[in-house]
Amino acid sequence: MRWVIAGGGTGGHLFPALALAEALVARGREVMILGCGRRVEALALSGVPYPVATISGEGFLGRGLWGKTRALARLLWGVLQALRILRRWSAEVVFGTGGYASVPALGAGFLLRLPLGLHEPNAVPGLANRLLGHLVQRIFVTYPDTREHFPSAKVRVSGTPVRASLLEERPREHSGPGLLVLGGSQGARTLNRLLVETAPELYRRLPDLYLLHQTGERDFGWVKEAYRKKGLPVEVRAFIRDMAWAYAQADLVVTRAGASTVAELCALGKPALYIPYPYATHRHQEANARTVVERGGGLLFQEAELSPEIFVETVGDLLLRPAKLSEMGRRARELFRPGATETIIEEMEALVHA
């Protein structure tokens with residue numbers, strides 16, 4: 001069976017697509033990924049054992065008249081591109097994981113009357129997915145409360161697909177407390193500045209600290225140089241391809257609250273300090289984090305209220321309390337819903353055979 005999975009633009013949309021593709025390939029299915037040509041796609045999709053194609057797509061929200069007009073033109077062009085790809089590749093299922101590529105791909109699939117599915121990983125869906133919910137036959141959500149935003153008969157609570165390779169056990173390569181900082185696949189300048197400012201005090205309190213910092217490509221150079229000038233042994237990466245290894249080094253994770261990151265942390269039982277992106281649409285990152293924090297699996301700080309002093313006190317205290325971190329990780333793990341990829345594959349292929 002031939003699947004086309006459309007998603008990309010950010011890691012949050014791309015990584016669930018990769019998880020689903022990984023499971024499909026393991027089952028002997030043929031898979032193609034449709035993205036929109038962002039840099040994170042080139043990094044994450046390098047070397048995958050299936051074809052990757054790019055179509056046009058752009059966001060509407062927060063743009064003026066000219067921006068919306070351009071976005072509409074790119075959307076229509078993306079639909080035409082997707083129509084050509086779906087026909088040439090003889091696609092049998094089209095599945096969207098969000099991002100700019102999902103809208104034209106699912107629109108084209110609708111015109112071709114193909115079975116269509118959509119995954120909404122966030123607690124609060126965006127406008128595009130709410131609209132697409134009326135076109136597709138199946139909508140898969142991570143959180144039960146998200147069902148209220150979609151036609152109820154189409155919704156299945158599946159959880160978020162997590163790559164099986166991410167769950168593989170990896171060796172820990174250091175003996176001290178481990179702190180992993182993730183600014184998201186595109187980086188987060190506020191977090192990067194916060195870590196550069198507070199790292200000297202963290203090392204003073206925790207001399208054997210292992211700090212692994214993913215900066216995003218934009219800030220990699222200056223962050224790495226800042227740590228070098230301070231004489232700090234920080235492991236700095238622009239983008240981490242082997243996240244299974246990275247998570248294995250961490251006792252605590254400092255991160256935004258994108259849906260795929262939250263799902264991965266819960267799957268691995270990793271406690272986290274969540275600092276949601278404050279300008280996310282409908283504050284969906286905050287909603288994602290609260291689902292974990294309210295169950296005791298992490299802590300939540302608003303970016304505006306998190307001073308360097310509070311950050312150092314919080315992180316330093318947690319890393320000195322392994323029992324507390326272990327309990328937070330256990331509670332996060334309880335929120336993980338395994339079997340998301342299996343649910344999606346079985347439901348969608350049942351539509352093909354119906």
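Cβ coordinates are placed from backbone N, Cα and C, and glycine is handled just like the others.
For the domain 'Glycosyltransferase family 28 N-terminal' (4-140), the DSSP counts in helix, strand and coil order read 64 helix, 24 strand, 49 coil. Under the heading domain 'Glycosyltransferase family 28 N-terminal', TrEMBL lists 4-140.
Marked as UDP-N-acetyl-alpha-D-glucosamine binding site by TrEMBL: T10, G11, G12, N122, R163, S185, I240, Q285. Every protein chain considered, the tally of other Cβ atoms within 10 Å of the Cβ of G11 (UDP-N-acetyl-alpha-D-glucosamine binding site) stands at 24.
Sequence annotations record features per position, and here TrEMBL assigns domain 'Glycosyl transferase family 28 C-terminal' to 179-336.
The secondary structure of Q285 (UDP-N-acetyl-alpha-D-glucosamine binding site), as reduced to three states from DSSP, is helical. When each of the binding-site residues T10, Q285 is scored by how many other Cβ atoms sit within 10 Å of its Cβ, T10 comes out lowest.
Counting other Cβ atoms within 10 Å of each Cβ, the lowest count among the binding-site residues G12, N122, R163, I240 belongs to I240.
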